[in-house]
Amino acid sequence: MASPALLMRVVASAYSVAEKAATIVRNVMAAGDLGIVEKTGANDLQTKADRLVQMSICASLARKFPKVTIIGEEELSTDEVTEELIEDGHCEEILKKTCPAQYTGIKEEELVIWVDPLDGTKEYTEGLLDHVTVLIGIAYGGKAIAGVINQPYYNYEAGSGAVLGRTIWGVLGIGAFGFQLTEAPAGKHIIVTTRSHSSTLVNDCISALNPDSVIRVGGAGNKIIQLIEGKASAYVYASPGCKKWDTCAPEAILHAVGGKITDIHGNSFQYNKEVKHMNSAGVLATLRNYDYYASRIPNTVKQSLVP
């Protein structure tokens, strides 16, 4: 049998690397010293978990796939990576899946991996653990084509005997796995948006959509999970705060199940290595009925957000 295509090997490794990352996240929390540093202010934090997880993910993937470009959120040197941070495993189940034909010839140097070691850092420091995700997005030709989202604390409210954490993964043309795909209640407009980065513009945009309810949670990964599990019908964020490493993995998973994510103007995100990191024109994402929400974004909001 031919060896699995590069893309499937990268995704299978990213799966194991994300599981290792979740263990690091839980260990840092359990040890009690989060090592919090403010980056640009009180809502932009970095913890010891962000730092260790990024080193673990980037070093582990770079060792196996040296020519892949890996872009992580935190500015760190990879010199001090200790052996115990390296994850060498892979998920066998992923390697058994057939790589979609359009991706079989991909070379290492054509892939860009976008890493958010801990999405929802502020919520992590406040103990809102179900908001936290580890994001590894894989892009080719500027498009997000595969992604891994780990929730280190999935199930944490189920009591001491429960298995903590889960890993969701997806590849365009194969689908997404590790969760139960559910559509939001028909006819209900439930919007999920930011919890800690709100603004007048964010709120004006949401009111214009006249939602039945609004869910405010941390983390872009967590918001996309709300969509694919049917808890929300649209993710709307009319602000420039989100970055490419926040959206790459969630986008691949959402697109793999037929959803759609763009900026507020309806433009696709680009993930080639030269691209600017900021998604300056906000985010609009849905599992279904994208056009309904897109057509209701006020022009005043669009004019305020320049792509």
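Every residue, even glycine, has its Cβ placed from backbone N, Cα and C.
Sequence-distant contacts (6 or more apart, same chain, Cβ under 8 Å) of Asp119 (Mg(2+) binding site) comprise Val132, Thr133, Val134, Leu135, Gly219, Ala220, Gly221, Asn222, Asp246. The Mg(2+) binding site feature in TrEMBL is assigned to Glu73, Asp116, Leu118, Asp119, Asp246.
Counting every protein chain shown, the Cβ of Glu73 (Mg(2+) binding site) has 22 other Cβ atoms within 10 Å.
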